[in-house]
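OK, TrEMBL features for this one:
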BINDING   B:21, B:24, B:25  Mg(2+) 2 binding site
BINDING   B:22  Mg(2+) 1 binding site
BINDING   B:35, B:36, B:37, B:38, B:39  GTP 2 binding site
BINDING   B:56, B:57, B:58, B:59  GTP 3 binding site
BINDING   B:116, B:117, B:118, B:119  GTP 4 binding site
TRANSMEM  B:283-301  transmembrane segment
TRANSMEM  B:343-367  transmembrane segment
TRANSMEM  B:387-409  transmembrane segment
TRANSMEM  B:421-447  transmembrane segment
TRANSMEM  B:453-473  transmembrane segment
TRANSMEM  B:511-530  transmembrane segment
TRANSMEM  B:654-674  transmembrane segment
TRANSMEM  B:683-706  transmembrane segment
């Protein structure tokens, strides 16, 4: 299955599950990244840096390592 | 007068501190939470017959008790039991903000919700039925704007009303099945561990027991029975309880959101996204960032320097007056020297930091308030993640090249404690402006032909040592910490001038009060060391005697003389006094500023003229920042000192001395800044130890290599 890391800027992924990062799972939950939520990838930083995503009404930055824990279904 | 304790709780970036500012003006105290590095803001406000004490708790996304901020917040709320929680919520970002609100309701503390940033929500066409929201949440909800100071009176009124009512209505907002389970848990607690019910709020207790996040120990029977319920829920809903409760809360959030918010505009973060297309651009973003950082750097040091000079002048006028007074009562020389050098010297040293810190805090408040700091971290994160830091460390480290003291205070913007400590420990290795003056002098004596190269190599050694120290600390000290980087990119906002200036002033005030005492005491101590016995020969003072004993540890580094050692001692106070101490020791003549006697009118005139000059220089420096005018630099070389230094050092030992000077313990003010910012004597001493030992090791290696190649 795809992870948020594979979603290209401008595309939206619907969160299915969070796997492989138990320590940050609940941090992501606190920030509103829960199954069923649509996450739009907006931009990525230079040299393989973090990615910027939009979830609900606000923007988050996360490293690719964390993005690869978020399983998504690509919507667009 | 009745006293009401109000805890401000909310997500980061919702304007809690700005709201506190709007309520109480500048009557705010800053400090640190005991034992941790997180900032503590407090203010008292008199309203009608009530004394309202506000405590600004650190911004959190949840009460999960994981990060330092969360621990402080939940501990304060549970142990101190404030009379009222003032929950500050970002009206433009309700879907996430209300999550914390629901968690706060579980604590059963009377609460008032401030729908802050209301002005922006209105501007964006978001219509919120706050009266309905108040009914759904079972607590008053007041629209506020810290920026326009609206809603403040209603807020205070509601706080008092809530305090007087003392009633807390618990909404049972979960699905009825879950509410049943929670009641079951409570009954189990009553049966097995009833004492817990006296300590913890019922609902919080039930939920955290069910989730398995409860920290205190409980009886095995209770745990066993709860485990049964957990399994029941698991088989019923096909997910673990923790996840289930989070989803329940979000379900509530969305329900409240959809019932109360009517949006007319499609996208609320539109303008920020457009701006980020430029500021976070793959190729343009970094150059823009570097340019902005350069401007911050230049402004911080160039804008403040005329005022540093002016304060210097004010001080010399004051010491002139003092001298007149002392002369008129026929005071003896010891007292005169003590007052003018020990006492006023210490005061002057503190004063010189005020303009720098004030400008820096203004710059930081602008960068932070506008939302740019988070962008800087985003852009630089890739580079810093390789040494276990995040992009947020860049600005403090860079400021270190100007002066280590404001650099340490600039770590305020790093929330992660481990990152903050690491960054702070790296800062002293960034060679500051004061060290440069010593480098320049030595280079002119020993390495005239390769001056630039030598100075560049020193900066590089500093940076490399810092990186090695960071890597070692990460490997051996912080190894248990798993690092991740998830950060909110708040929308761009224009911070208010009032907020910026207030913020800067409050922080500078806390520096003057705390660091002032410490630096002053040390300055007096150093005066005793260097001058007692008074009038004795230069190699008979206490300082010289101690240096003669200590010098032996510098033998392997090539400069094991008491003179060099004594200079390093003085460098601990401030790097810029190393040269004047050397002049004093090696040549025997004090490079002193002459203090002349002044009449009162003359003094006042000089202060006023100096202030006007400072403002003129400020404009000149500003032009220089943008490359219009060149500021003339006057390098004055003390010829006789150069001669004595030339005979006392070899090029190899001189270079080794410079490396040591670069890396060893930074000045007193930096050391105290570290203590203040990290809120710990332990880290202050660790920092001193790390600097001293790495200085010794690197100098030793450098000296051995240089002598091996016969320099």
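The backbone N, Cα and C atoms fix where each Cβ goes, glycine too.
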Please work out the number of neighbouring Cβ atoms within 10 Å of the Cβ of residue B:21 (Mg(2+) 2 binding site), leaving out its own Cβ.
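So the number of other Cβ atoms within 10 Å of residue B:21 (Mg(2+) 2 binding site) is 24.
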Setting B:21, B:24, B:25 aside, what same-chain residues sit with their Cβ within 8 Å of the center of the Cβ atoms that define the Mg(2+) 2 site, listed in sequence order?
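Nearby residues not in the site list: B:20, B:22, B:23, B:26, B:27, B:28, B:43, B:45, B:502.
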May I ask you to check whether the transmembrane segment (B:511-530) and the transmembrane segment (B:283-301) make contact, with contact taken as at least three Cβ pairs under 8 Å and only pairs 6 or more apart in sequence counted?
no
Using a 10 Å cut-off between Cα atoms, which of these binding-site residues sit near residue B:56 (GTP 3 binding site): B:35, B:36, B:37, B:38, B:39, B:117?
B:39
Taking only the Cα atoms, work out how far residue B:39 (GTP 2 binding site) lies from residue B:57 (GTP 3 binding site), in Å, as a whole number.
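That separation, Cα to Cα, works out to 9 Å.
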Would you count the other CB atoms within 10 A of the CB of residue B:118 (GTP 4 binding site), including those on all shown protein chains?
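The answer is 24.
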Answer yes if the transmembrane segment (B:683-706) and the transmembrane segment (B:421-447) have at least three CB pairs under 8 Å among residue pairs 6 or more apart in sequence, and no otherwise.
yes
Among B:283-301, B:343-367, B:421-447, point out the range having the most Cβ pairs under 8 angstroms from the transmembrane segment (B:654-674).
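Ranked by Cβ pairs under 8 Å, first place goes to B:421-447.
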What does DSSP say about residue B:38 (GTP 2 binding site): helix, strand or coil?
coil
My understanding is the cutoff is Cβ-Cβ under 8 Å with a sequence separation of 6 or more in the same chain; which residues meet that for residue B:37 (GTP 2 binding site)?
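Listed in sequence order, they are B:68, B:417, B:420, B:421, B:677, B:678, B:679, B:680.
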Considering only Cβ pairs within less than 8 angstroms, which of the stretches B:283-301, B:343-367, B:421-447, B:453-473 has the most against the transmembrane segment (B:387-409)?
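Between the stretches B:283-301, B:343-367, B:421-447, B:453-473, B:421-447 has the largest tally.
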Mind telling me which of the binding-site residues B:57, B:117 has the densest Cβ neighbourhood, counting other Cβ atoms within 10 Å?
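By the 10 Å Cβ neighbour count, B:117 comes out on top.
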How big is the gap, in Å, between the Cα of residue B:22 (Mg(2+) 1 binding site) and that of residue B:117 (GTP 4 binding site), rounded to a whole number?
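About 13 Å separate the Cα atoms of these two residues.
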Given the binding-site residues B:25, B:58, B:116, B:117, tell me which ones have a C-alpha lying within 10 Å of the C-alpha of residue B:38 (GTP 2 binding site).
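Cα within 10 Å of residue B:38 (GTP 2 binding site): B:58.
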